[in-house]
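Features reported for this protein in TrEMBL:
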- 1-16: compositional bias 'Polar residues' (COMPBIAS)
- 1-20: region 'Disordered' (REGION)
- 42-415: domain 'Amino acid transporter transmembrane' (DOMAIN)
- 73-94: transmembrane segment (TRANSMEM)
- 119-139: transmembrane segment (TRANSMEM)
- 171-188: transmembrane segment (TRANSMEM)
- 200-220: transmembrane segment (TRANSMEM)
- 240-260: transmembrane segment (TRANSMEM)
- 281-299: transmembrane segment (TRANSMEM)
- 329-348: transmembrane segment (TRANSMEM)
- 368-386: transmembrane segment (TRANSMEM)
- 392-414: transmembrane segment (TRANSMEM)
- 426-445: transmembrane segment (TRANSMEM)
Amino acid sequence: MGISSESPNGSQQIVQKETRDETTPLLPVKVEEEGFHEFNGASFSGAVFNLSTTIVGAGIMALPASIKMLGIIPGILMIIVVALLTEASIDMLVRCSHQGKITSYGWLMGEAYGQWGRIALQASVVINNIGVMIVYMIIIGDVLSGTSSTGVHHRGILEGWFGAHLWNSRAIVLLATTLFVFAPLVSFKRLDSLRYTSALSVALAVVFVVITAGIAIIKLFNGTVAMPKLFPELDGLSSIWKLFTAVPVLVTAYICHYNVHSIDNELEDRTQIKPIVRTSLFLCSSVYIATSFFAYLLFGEGTLDDVLANFDANLGIPFSSVFDDIVRVSYAAHVMLVFPIVFFALRLNLDGLLFPTSRHISRDNKRFAIITISLLTVIYLAAIFIPSIWDAFQFTGATAAVLIGFIFPAMVILRDPYGIASKCDKILAVTMIVLAVLSNSVALYSDAMNIFRKEEEA
């Protein structure tokens, strides 16, 4: 059957006719001495874990502070509402892609808005993901080697266990992490190859929830935790404004759209993608709600913007320091295992920007290696020498995330290149754009004010 095939990196390109089944894997069949070993499609559970790991990154630690501002009931409702909006936005992408037999987000944007639509999407993914991974590496350095960025030195786990040495300094620890953890994991050419590390990553997030819940319940029975507020306390315009600053954290908590097509393409049965998305969102929503509720119950109004910092002190229970270390180690390991999932989309979209008409990057080992090594080097150097880059990515990341998660899917459904959008779809698309623009505006203003405040204090 003659078809119009995607150029490997997301742009549409007419190629010579070929006969192939729709389930043909995107990557070449591996040939070994024993014979042919064909990829038979990703499993349901593997796809769920990969999508869940894409969602549950470092942002989980900011959710309890958002619940503190909003109150438990509005906060939990917001988590559920955003999960439903995320499912709707992914459904928009999937329906359009299946209708047009499209295999990438970039190609879909190209179909709807031409070359500049594809470039806008790929640039947004590159900006968002490279910022996220630099932040991940900074977090790993802070947790393992300590940080003095706030003017007060917080000891890292390795420094606390062994004292300060050259071998456990930030530069050496992150170099070892890059060479011995990240490099092997980002060398896989299929997302499904990361299914076991993704399952472990989700399990580590659950470990954090279980420990937090256990400590909170013990302190609740001991009568040493205060009753958390169910609704926000409103005493003026400033308190109302603070409520809005919690919204961006929740709105961007489920951004995973850049990996949906890669996961979909690897499935043997592509009709499974919708239940996979629903299962992942249910799993992640459960983790988010449990984390937010129990962390806020445990720390109350003392909940910090990054709740991990609350585990840098005495928890008021026996073996407090042991639990502190378990939480911090499990979180650092969780972030390490999220890294390759996010990196996969970064490499694919950067390649699409630089080489839009070349064959798929997985079929070109030289290009695959050069882009992989270059990206790891840039991320490592930025995390070591430009720790203040975090401030810059608060602006670009907030904007790129809402573009990827809500604005671009809504724009696709409004353009409706395949005539499948209903009136309800278009109303929902407009609602998403309004929510995303308002959320992003609040996030940008809030981040700007925080930076100015820091400069004044300095």
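Just so you know, glycine gets a Cβ as well, placed from its N, Cα and C.
Note that this is a predicted model, so its numbers are computed, not measured.
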Should the transmembrane segment (73-94) and the transmembrane segment (426-445) be scored as in contact, given a threshold of at least 3 Cβ pairs under 8 Å and pairs 6 or more apart?
yes
Quick check for me: are there 3+ Cβ pairs below 8 Å between the transmembrane segment (392-414) and the transmembrane segment (119-139), leaving out pairs under 6 residues apart?
yes
What same-chain residues lie close to the transmembrane segment (368-386): Cβ under 8 Å, and 6 or more beyond its ends?
130, 133-134, 137-138, 141, 170-171, 174-175, 178, 182-183, 186-187, 189, 343, 346-347, 350-351, 354, 361-362
Are there three or more C-beta pairs under 8 angstroms joining the transmembrane segment (281-299) and the transmembrane segment (200-220), sequence spacing 6 or more?
yes
The transmembrane segment (240-260): which same-chain residues, six or more beyond its ends, come within Cβ distance under 8 Å?
50-51, 54-55, 59-60, 62-63, 65-66, 69-70, 75, 78-79, 82-83, 86, 89-90, 93-94, 105, 125, 128-129, 191, 232, 234, 273, 277, 280-281, 284, 288, 341, 344-345, 349, 398, 401-402, 404-406, 408-409, 435-436, 438-440, 442-443, 446
Using Cβ atoms and a strict cutoff of less than 8 Å, what residues sit near the transmembrane segment (119-139) while being 6 or more residues removed from its termini?
9-10, 57-58, 105-106, 109, 113, 174, 177-178, 255, 258, 332, 335, 338-339, 342-343, 345-346, 349-350, 352-353, 375, 378-380, 382-383, 387, 389-390, 392-393, 396-397, 400-401, 403-404, 408
